Amino acid sequence: MTNILSPEKSENDQELPIRPSYLQEFVGQQQIKENLSVFIKAAKSRNEHLDHTLFYGPPGLGKTTLAKIISNEIGGNFKSTSGPAILKVADLAAILTNLEKNDVLFIDEIHRLNTAIEEVLYPAMEDFELDIIIGEGSAARSVKITLPKFTLIGATTRLGLLSNPLRDRFGIPMRLNFYNTEELKKVLNRASKLLDIDLTDSGSEEIAKRSRGTPRIALRLLRRIRDFAAVDGKSRVDKEISDFGLNRLEVDCIGLDSNDYRYLKFIADNYNGGPVGIETIAAALSEQRDALEETIEPYLIQIGLLQRTPRGRVITIAAFEHLKMPVPNQSHHQFNIFNENE
């Protein structure tokens, strides 16, 4: 599922010129910033490596950026890979044996590591040792390699898929939350200065409130609105051109697009608002379950249009009102579902 409001990173997201390099430049996630600052300063004062860190939460909120910031703050090299890219134990061994003291190893989608890889990772994280088997059959022997003190930073959008043994080895687990409108305005204002865009306060607010609480989406929309302004002969991005461009992009007043409407209307039209199972929804919409759970559902839940229950997905009265559809008579049972299972 790829669209203008997808929180997943795309090849067209040019983030390097505007990506913050240090904690003081990073906007939002205030508690995480403050805690990281303490942990980093404490580790440096003791001349120790920073504890292994796990960032989790919806995509597009800054997990990769924070990992790079940590690398800059502690003065180590930044090495990046992803769970799906590490196919064999040898792949992981090659990465680990090339690390230096205080390096940061960032593993995106860490929940997708297979069990064999995880088992090699455990002693590397705990004891900074790598146990590998050299040779085959009767000639095989175990070799222990000492690794430098490094910091592993994992990132995941699916914390529940991370195995307990791996999760427990992260000394600093941190959840990233959706941004509010004011925080997104700060992100947009900072980016507009770096990109030399004349962005008014009203234009910034219009883009921010339709960005699904996600900086990556806000920055993507800013670039597209800049295009509309340029073609329309406008020198600045104000509320008028922002509203025009966002409507052309089919982004509504609260940040929903056609995919969200398809999702909500399917449940409303076919199941009177639910409950309905996620597999049924995925099959009907011809979408992958993971795409729905990672791209569409988190924001709908965040703004109160969708609820997950033990019996399936249920859209709320607020969702019917936003769709301008009559609320079914039995809608009151949507909330009884929760009361019965609390």
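Heads up, the Cβ atoms here are built off N, Cα and C, so glycines get one too.
Small disclaimer: the values here were computed from a predicted structure and weren't measured.
Neighbour count (other Cβ atoms within 10 Å of the Cβ, all protein chains): 10 for Glu126 (ATP binding site). Annotation source Swiss-Prot lists ATP binding site at Ile18, Arg19, Gly60, Lys63, Thr64, Thr65, Glu126, Asp127, Phe128, Arg169, Tyr179, Arg216.
Within 10 Å of the C-beta of Thr64 (ATP binding site) we count 21 further C-beta atoms, all protein chains included. Among the features that Swiss-Prot reports, Mg(2+) binding site is placed at Thr64.
Swiss-Prot lists Arg289, Arg308, Arg313 with the feature DNA binding site, giving sequence analysis as the kind of evidence. Mapped onto three states, the DSSP output places Arg289 (DNA binding site) in helix.
Residues or ranges marked as region 'Large ATPase domain (RuvB-L)' in Swiss-Prot (evidence: sequence analysis): 1-179.
Residues of the region 'Small ATPAse domain (RuvB-S)' (180-250) grouped by DSSP class, helix first, strand second and coil last, total 49 helix, 2 strand, 20 coil. Swiss-Prot lists 180-250 with the feature region 'Small ATPAse domain (RuvB-S)'.
Helix, strand and coil residue tallies for the region 'Head domain (RuvB-H)' (253-342), in that order: 55 helix, 9 strand, 26 coil [DSSP]. Marked as region 'Head domain (RuvB-H)' by Swiss-Prot on the basis of sequence analysis: 253-342.
The maximum pairwise C-alpha distance among Ile18, Arg19, Gly60, Lys63, Thr64, Thr65, Glu126, Asp127, Phe128, Arg169, Tyr179, Arg216, the residues recorded as binding ATP, is 37 Å. Taking each of the binding-site residues Arg289, Arg308, Arg313 in turn and counting other Cβ atoms within 10 Å of its Cβ gives the largest count for Arg313. Across the annotated binding residues for DNA (Arg289, Arg308, Arg313), the two most widely spaced Cα atoms sit 14 Å apart. Reported as a whole number, the C-alpha separation between Arg289 (DNA binding site) and Gly60 (ATP binding site) equals 19 Å. According to its DSSP assignment, Gly60 (ATP binding site) is coil.
Around the Cβ of Tyr179 (ATP binding site), a 10 Å sphere holds 25 further Cβ atoms from the protein chains shown.
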